[in-house]
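Below is one structure; the comments refer to it alone.
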Amino acid sequence: MIYAGILAGGIGSRMGNVPLPKQFLDIDNKPILIHTIEKFILVSEFNEIIIATPAQWISHTQDILKKYNITDQRVKVVAGGTDRNETIMNIIDHIRNVNGINNDDVIVTHDAVRPFLTQRIIKENIEVAAKYGAVDTVIEAIDTIVMSKDKQNIHSIPVRNEMYQGQTPQSFNIKLLQDSYRALSSEQKEILSDACKIIVESGHAVKLVRGELYNIKVTTPYDLKVANAIIQGDIADD
């Protein structure tokens, strides 16, 4: 089976003084989360589309789904965890409790606050994860990347044509991800905040799918302005 895991567990601290977590803020008069869910509903391959949100915001999430007529029976809401990977594991726990987990099950995990992903990106994630077990969505780095250990001096400049910026979705064979996460120590779980990094550390290859420049993550007030400009300018190509 194929599942979507929508990660809506953030509280939006970088958004500043706002009354709601960032996933519930509006762009073009509609919550960011709803824009994102609408993209996933269009993909018939998904057996379930599972939104993980802070426990105290579950009722609000269910209310806005009703308000915006998200009636697709595949959409479920569960409580997120204390961090990104724990949230993904909560989604997997839901899957295991409801349907069990089969060897070829795939989960497509995606930031709720990336509302501009395309059908191509979603479907390529499904195809590549089903074939290879793990995939990340990336774009080539445009700017030169510099590294600094002391935040004052450059200690390394990586080769730019080997650098990519990670986006989401990140998609996995569920058993591979679950087994790789369970093998981590408590210390590793605190350090390895990215699911693809967990797979890399396990020794399994992670394939790449091409993202889009406009597949932005809306985390700051500036991002919110850019997101509205993308919609109003019809920049995102689906």
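Any Cβ shown, glycine's included, is placed from N, Cα and C.
According to Swiss-Prot, the features are:
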type    : residues                                                                 : note
BINDING : Leu7, Ala8, Gly9, Gly10, Gly81, Thr82, Asp83, Arg84, Asn85, Glu86, Thr87 : CTP binding site
SITE    : Arg14                                                                    : site 'Transition state stabilizer'
SITE    : Lys22                                                                    : site 'Transition state stabilizer'
SITE    : Arg160                                                                   : site 'Positions ribitol 5-phosphate for the nucleophilic attack'
SITE    : Lys217                                                                   : site 'Positions ribitol 5-phosphate for the nucleophilic attack'
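Feature annotations (Swiss-Prot) mapped to structure.
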{"residue": "Leu7", "record": "CTP binding site", "DSSP class": "strand"}
{"residue": "Lys22", "record": "site 'Transition state stabilizer'", "DSSP class": "helix"}
{"residue": "Gly81", "record": "CTP binding site", "DSSP class": "coil"}
{"residue": "Thr87", "record": "CTP binding site", "DSSP class": "helix"}
{"residue": "Arg160", "record": "site 'Positions ribitol 5-phosphate for the nucleophilic attack'", "DSSP class": "helix"}
{"residue": "Lys217", "record": "site 'Positions ribitol 5-phosphate for the nucleophilic attack'", "DSSP class": "coil"}
Just the number: how many Å between the Cα atoms of Lys217 (site 'Positions ribitol 5-phosphate for the nucleophilic attack') and Gly9 (CTP binding site)?
14
Cα-Cα separation of Gly81 (CTP binding site) and Lys22 (site 'Transition state stabilizer'), in Å?
17
To see if you understand the setup: which same-chain residues, six or more apart in sequence, place their Cβ under 8 Å from that of Leu7 (CTP binding site)?
Ala52, Gly80, Arg84, Thr87, Ile88, Thr109, His110, Asp111, Ala112, Thr168
Cβ neighbour count (10 Å, all chains) around Lys22 (site 'Transition state stabilizer') is 26
Between Lys22 (site 'Transition state stabilizer') and Asp83 (CTP binding site): CA-CA distance (Å):
16
Please report the distance from the Cα of Arg160 (site 'Positions ribitol 5-phosphate for the nucleophilic attack') to the Cα of Lys22 (site 'Transition state stabilizer'), rounded to the nearest angstrom.
32
When each of the recorded positions Gly9, Gly81, Asp83, Thr87, Lys217 is scored by other CB atoms within 10 A, the minimum falls on Asp83
What number of additional C-beta atoms lies within 10 angstroms of the C-beta atom of Asn85 (CTP binding site)?
22
Asn85 (CTP binding site) and Lys22 (site 'Transition state stabilizer'), compared by Cα position, are separated in whole Å by 19
